[in-house]
Amino acid sequence: MSKMKNTIDPAVNYLLPLAKKAGIETVWDRFAAMKPQCGFGELGICCRICWKGPCRIDPFGNGPQRGVCGADAHTIVARNLIRMIAGGAAAHSDHGRHIALTLLEVGEGHAPAYRIKDEQKLRNIAEKLNLAPAGKDIRQVAKEVALASLEDYSRQKYSISCNWAKETLTAERVDKLVELGVMPHNIDAVIAEIMHRTHVGCDADAVNLLLGVIKGALADYTGMYLSTELSDVLFGTPEPVVTAANLGVLKKDAVNIAVHGHNPVLSEVICDVALKMNEEAKKAGAKEGINVVGICCTGNEVMMRRGIPLATNYLSQELAIITGAVDAMVVDVQCIMPAITGVAGCFHTEVITTIATNKIPGATHVEFREDSAFDSAKKIVEVAIDAFKRRDNRKVNIPDYKQTAIAGFSAEAIMAALSKVNAKDPLKPLIDNIVNGNIQGIALFAGCNNTQVTQDNNFITIAKELAKNNVLMLATGCGAGAFAKNGLMTQEATEAYAGDSLKAVLTAIGKSAGLNGPLPLVLHMGSCVDNTRAVKVAVAVANKLGVDLDKLPVVASAPEAMAEKAVAIATWAVALGLPTHIGIVPQIMGSSVVAKFLTEKAKDLLGGYFIVETDPKKAADQLFTAIKERRKGLSI
Ligand code: BF8
């Protein structure tokens, strides 16, 4: 049997042999050393919730079928899953809380490093949240929007749904979710409820837990939605921007600062300060000044809004350091491998942690605070310039690989492009082309990289297949990173891979929007937290057609999913009615009840359901089949 390739990323393939030669361990080495991985864990039938355990269920039926407390495989699998959802929802919504609190500070005049960059969007949000913004001072509107958002973390009445959930979905979907008892009233309370109901001796009913899984995922949706929208208010709503991706964006003659993690509250200020400190970098010998690059979702955030190039996505974060050219890797929260400080120890690179609750042994900690954001950012940039002075140029190996990438397709940017085709009715050209079959459907790619599969390969393979079948594609998170690094966010990719009718539509819209050619093959919609941008477009289409989301020819795919956040996103996509593909075998297969619920019963309850398929070509077929089924349902 041939060994699975680690990656299709040429920059990573260039660097891995160098890492091996230098004796530097990477994620792929640790993955190989971890094999064979625990079969009980893979099936989700290991329980570590109390100290009578750990308990594990024998999947072959010969050994124990219940844990010491009596929990069976279904209870254990459902409990493990719902705790993953709680982890994902906590991560996204804590990020959202941070943004909402920053907006509140701006409204109250306490955060000089920030301002309201998109006033119109703020007013639109205030309208949506029924806050009657007309005639009010913009700072007052900011305060009211922030408080209405924070209410989604504090409301105690179970009967009132979260503002950001009920105001952003179709009315029919809201009714369905309320009827099922899965609409969140308070994000934090739902997360606490999950931790409570999974404490030893609580909820043992797998189906009841699965309804809790849906509710937890919708709490995740709520936190994500407000996070994206309020980030746009503070940092600007993305518009198409041409930039570049892959490790070739690092510069030999610059102080390279890689911003990594998720929260733009930090990275935005670092970008501002870096611009101001260019001269200091030059004085230190960096002819090209400061070069800020992005990694993971922070990378997507600054790429979308500022055209900052993306160095790499999740699985290859260590490789950025192995180029020997990264002077500082500045991290905030989520998806930061603790291994990076070990790799950095082989070079001059400073890993700088910035958040009190996210520290890594071996890193330098520079506490970041919104009220003194400029000072913290300045200190961070100074540390980077200092590190540059210690850089050993003999160790520098920047792979000569980078691709052009067009990013910045927020829902508003897509509407703006469509309005160039039809100013009065921007959705009409999109809907007409879906109805006449020029666009067969829409696929949203989300989620991570995962060592279980060849890095980026599932994304690229599925996208090329769907492109042939004239499916319009959107991407976020490390999926967007995969497409950007591999050249699928270009006009050339549209020419090369899109089916004829899709190509014609993308060309017509692109030309009307002044792009002098087609839109890129895959539209970059932002970071992982920005998946709700796609929901915004889908809800607008559904409302215009007068149908619910589960009738639309829209599918989702997380072909290399890894994180708890990805599990939560995929689950809310199902809750919203979308057929949702996962390209990794999820850790739930030890329970037929859980597996059947998520892949079959969910369809009856919600319209959406999970498709589990590890072969990317077969996955593309199944996604296209789901699209065709939806088209048939609409008689188009
Ligand atoms: O939030 S896609 S590996 S970086 S979890 Fe993480 Fe997955 Fe990347 Fe962004 Ni999302």
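Placement of Cβ uses the backbone N, Cα and C atoms for every residue, glycine included.
TrEMBL: automatically predicted annotations, no manual curation.
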For this session: Look at the [4Fe-4S] cluster 2 binding annotation in TrEMBL, where Cys47, Cys50, Cys55 are given, and name the residue from Cys69, Cys162 listed for that site too.
Result: Cys69
Exercise. In TrEMBL, the residues His262, Cys297, Cys335, Cys448, Cys478 are said to bind [Ni-4Fe-4S] cluster. Which of Cys271, Cys346, Cys528 is said to bind at that same site?
Worked result: Cys528
For this session: Around the recorded [Ni-4Fe-4S] cluster site, report the further residues of that chain (criterion: Cβ within 8 Å of the mean position of the Cβ atoms of His262, Cys297, Cys335, Cys448, Cys478, Cys528; site residues excluded), sequence-ordered.
Result: Cys296, Asn300, Asn313, Tyr314, Gln334, Gly477, Ser527, Ala563, Lys565
For this session: Take the Cβ of Cys47 ([4Fe-4S] cluster 2 binding site) and count every other Cβ within 10 Å, whichever protein chain it belongs to.
Result: 24
Problem set entry | Listed binding-site residues adjacent to ligand 1, that is, members of Cys50, Cys69, Cys297 whose C-beta is under 6 A away | Cys297
For this session: Pick out which of the binding-site residues Cys38, Cys50, Cys55, Cys297 has the most other Cβ atoms within 10 Å of its own Cβ.
Result: Cys297
Problem set entry | Additional residues surrounding [4Fe-4S] cluster 2, by Cβ distance to the Cys47, Cys50, Cys55, Cys69 centre under 8 Å | Arg48, Ile49, Lys52, Gly53, Pro54, Gly67, Val68, Ala71, Ile76, Val200
Exercise. Here are the binding-site residues: Cys46, Cys69, Cys335, Cys478. Which has the lowest count of other Cβ atoms within 10 Å?
Worked result: Cys69
